[in-house]
Each structure stands twice: as structure tokens, then as C-alpha cells.
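Annotated N6-acetyllysine per Swiss-Prot: Lys202, in sequence order, evidence recorded as similarity to another entry. As annotated by Swiss-Prot, N6-succinyllysine applies to Lys224, Lys273, with the evidence given as similarity to another entry. The signal peptide annotation in Swiss-Prot covers 1-19. According to Swiss-Prot, the site 'Contributes to redox potential value' annotation covers Gly56, His57, Gly400, His401. What Swiss-Prot records for Arg122 is site 'Lowers pKa of C-terminal Cys of first active site', and it gives similarity to another entry as the kind of evidence.
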Amino acid sequence: MLSRALLCLALAWAARVGADALEEEDNVLVLKKSNFAEALAAHNYLLVEFYAPWCGHCKALAPEYAKAAAKLKAEGSEIRLAKVDATEESDLAQQYGVRGYPTIKFFKNGDTASPKEYTAGREADDIVNWLKKRTGPAATTLSDTAAAESLVDSSEVTVIGFFKDAGSDSAKQFLLAAEAVDDIPFGITSNSDVFSKYQLDKDGVVLFKKFDEGRNNFEGEITKEKLLDFIKHNQLPLVIEFTEQTAPKIFGGEIKTHILLFLPKSVSDYDGKLSNFKKAAEGFKGKILFIFIDSDHTDNQRILEFFGLKKEECPAVRLITLEEEMTKYKPESDELTAEKITQFCHHFLEGKIKPHLMSQELPEDWDKQPVKVLVGKNFEEVAFDEKKNVFVEFYAPWCGHCKQLAPIWDKLGETYKDHENIVIAKMDSTANEVEAVKVHSFPTLKFFPASADRTVIDYNGERTLDGFKKFLESGGQDGAGDNDDLDLEEALEPDMEEDDDQKAVKDEL
């Protein structure tokens, strides 16, 4: 009787284990509300991606995420990677404040109250390095040459501090710098064999990288600030290709002036043009980020639109400052020699280049419909007409919110088509720019009241016909306020278009 009872108990336990076992896909745990707490209890360090099956960014991340999971598992690490389909597990998504996809959070020791937001890049090395920084020392102690070689081989970029006295002030400054950098592995050594292997005979810091010149030796007084500046100048390739994976490094970096080479990989002298661009980059490390964009790639077409370029106009070079204004600049010459690109960059840094403002040609029928069509060339004349109250939608053709607004805006135009001093208008801000208005989100709605003082009023009320009418009838008061929707920096990210069924949830970085 006892053995039979034990058998039943064993079968019941096996059934329970089978039901609660954590499913895996490509070494990534698949979590649901029913097993989320179990996963947190089982793993002290858990990185969780909240994703949507339709999300382009999530699809692009998947292979790198799996690669990171496999690498950590192969190393015998305590850290595990997991994923949650937020469209199926809406309670979990709401609990952890998921507003866009992918949202990635790091849970340490089962703490659900304050998980850490993942902030690094989207390549496997970025993920692994960020996690190791969160779970171990800021810098790994390298006791022999094998440990040093292993660290250098482990990532695209590594930094090693060589200090004969690990307790010196310089070593302490190095460790402070290591704590401040999330996405690069650091090592520290006092071992004489490691010094010899890397040709150092005194204290120093070396940045190792698997591209360009291979290594950079720090020179000067070792302080946290100077080390961070040294790393900023040398951690990225001279020329970085814009992709789904590199976008966080490009936008998240400290260098906010970017020069972009739009170059189809199929062009006959591809290597030569890229070589010229790279040669020019050598003189602007830490000042201007040099970015290459494959103009033939489908995912990059929106970036071309943003710069007012067509595929047939490439190769081409443009420069942009990613400050609040997001100002664009165009070279004086179409020649893509290293000398011309270098000259263009120098002229920009010296303040000798005027911003490049795009404009479409003015359509012949621009004023024939209830909603007037504005382009760069007629904007000033129409918007700042002293006798007219002009309400303008600044839109992007691909923007989901703009598409939803379109029929309402058309009705508004119909409502006021015969009004003597109210004009309803629209402007495609991906193809037209004006000095008087800087558009930072889509759609942006601005009111230009009839006056001589060039007043501009932002609209941020309800996007309904009644809301717009109240705003206009109140002279631009009822509904006035700052506008904040789809940020233009997101417009530069690949695969950002929203599907109708996405409920306007942004596919965020």
C-alpha cells in the first residue's frame, strides 16, 4: 500500500514539474503570467524582453538575443535571458509599464519592484557586456596572459588597465571609468607577463578593438573624465554602417553631429567611395560621427525621404546635428573625394555652411482643394499672410497618426473652404523644411494668426472636428499647447511604420 502511495505521489510530482517547466526557444526562456514568478525565483539574474510578434525591431533583435543567451549559457553563467509576448500577456505588460516594443528589463534577485531598464545596443556582445557589468565587478582582474587574451577576444571592443599597483590613484580612476561604461568589458592587471605581452613597461590604459587600427593607447594623466573622453573617441569604427543593431549606438552616443554617406552597395566603385569617406573620417574622431547607409536597402528608404533624397540621386553626402533643431547640411560639391568631404566638415565646424532646407516643387493646383498644399517655396507667403488665419498640419506620409487625422483634416478644410480669412493647409515635412518652424514630431499642428508680428501658436487639443473648430473660433486659444507625438529621431530608425492594428503603440528603441 505504501509503495503504491509513493508511486502516485511520484507521478503527481512529475506531472507538476512537467506543467511548470520553463519552456525554452533558442536558449531563451518563454515566460507567461503563470510561470513568471517561478522564473524569477529560479534565476537570480534574468533579462526579460517584452515583445510583439508583428514588431520589426523585435524580429531584428531575435537572433542577436538568442546568440547572447547561448553565449552566456555556454559560459555557465547564472544570467538567463527570457521573453514575454506582451500581446498575449497584457497583464504582465501593464504591470511592468510596457509602452513600446521591444521593452527589455533586468530583474536581479527576484526584485519585481524596480527592474533595471536595458539601455545598451542590440547586438549579442552589447547584451552580454551590459549584463556582466550589472552582475560582476566593473573590471575583471586579469591574473595571467590567458585571462587577458580571453577578455580581448570576447568582444568587439575591450579596455584594459595596466597598473603595477592595483591600489594606486590611477587604478582607482580607471575603475571609476569602468563603472560608468555599460557596454564595454574592462579588465585590470598587475601581472608582468600581461604587461610584456601587450608591450607596456609602465602603467597605462589600452583600448582593444577588432576593426580599424586594432588598438589605441591612452596618453596623459589618468583620470575618469579623460578616460571616458578617450573611450568616446575610439570605441566606434571610423565609419559605422547604419543598421537595426547599430542604431542605439549611433543615437545613444555623445557625438551629436553626424555625416552620412548614402551609397548603394551595388555601385561599381563602392570600395573606392567608402575608402574616401573613411580617410576623411580620420581627422574628425570624437567631433563628427561618420555613418554609411546602404541606399538600396528597403529599410533605409525612410531615411532617404527624411533627407529629401531619391535612390537615383545616390551616392550623396548629408550632415545633420541631432540637437533639438535637427538641422541638415548639404555639401557645396557633389564630388565624394576625401578632400572635398574633409573640406565640407571643416567648413561646418567653422560655421561657414548654411542649413539646407528642402522644398518640393509647388503643385499647380496647390490651392484648388479645401485643404491648401504648402511646400517650402510658398510657405512664407501663405502662412504669414497678415490678413489670414492659417492652420497648418505638418505631417509625414508614413505616420500612422497622420493617416488617422487625414479625413478629419479634410472635413475641417471643407468646413472653412469659403471662409474669408481662415485657411486650412498641410505640408509634408519629410520633403519640405522652413526656417520659421522646426518640426519635432508628427503630426505637428500650428496656427498662424492674421497679424504682422509672425505669431505661431501650437495646437495640442483634441484631434476632432469639434476640437479644431473651437480652437479656430477662439482665435487659437482653446486647445493651445505644446505638441508631442512621434519624435523625429525615431523617424530615422528603420522599420518604424505603424500598422493599423497596433493601437498607436510606438515601436521604440
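The backbone N, Cα and C atoms fix where each Cβ goes, and this holds for glycine too.
The secondary structure of Lys273 (N6-succinyllysine), as reduced to three states from DSSP, is helical. In the three-state DSSP reading, Gly56 (site 'Contributes to redox potential value') counts as helix. When the Cα atoms are compared, His401 (site 'Contributes to redox potential value') and Gly56 (site 'Contributes to redox potential value') turn out to be 18 Å apart. Sorting the recorded positions His57, Lys224, His401 by the number of other Cβ atoms within 10 Å puts His57 first. Among the recorded positions listed here, namely Arg122, Lys273, Gly400, Arg122 has its C-alpha nearest to that of Gly56 (site 'Contributes to redox potential value'). For Arg122 (site 'Lowers pKa of C-terminal Cys of first active site'), other Cβ atoms within 10 Å of its Cβ number 23. Here the modified residues are Lys202, Lys273, and the one with the most other Cβ atoms within 10 Å of its Cβ is Lys273. Neighbour count (other Cβ atoms within 10 Å of the Cβ, all protein chains): 20 for Gly400 (site 'Contributes to redox potential value'). Taking the Cβ of Gly56 (site 'Contributes to redox potential value') as centre and 10 Å as the limit, one finds 18 other Cβ atoms among all the protein chains shown.
Comparing C-alpha positions, Gly400 (site 'Contributes to redox potential value') sits nearest to His57 among the recorded positions His57, Arg122, Lys202, Lys224, Lys273. His57 (site 'Contributes to redox potential value') sits 10 Å from Arg122 (site 'Lowers pKa of C-terminal Cys of first active site'), taking the CA atoms of both as reference points.
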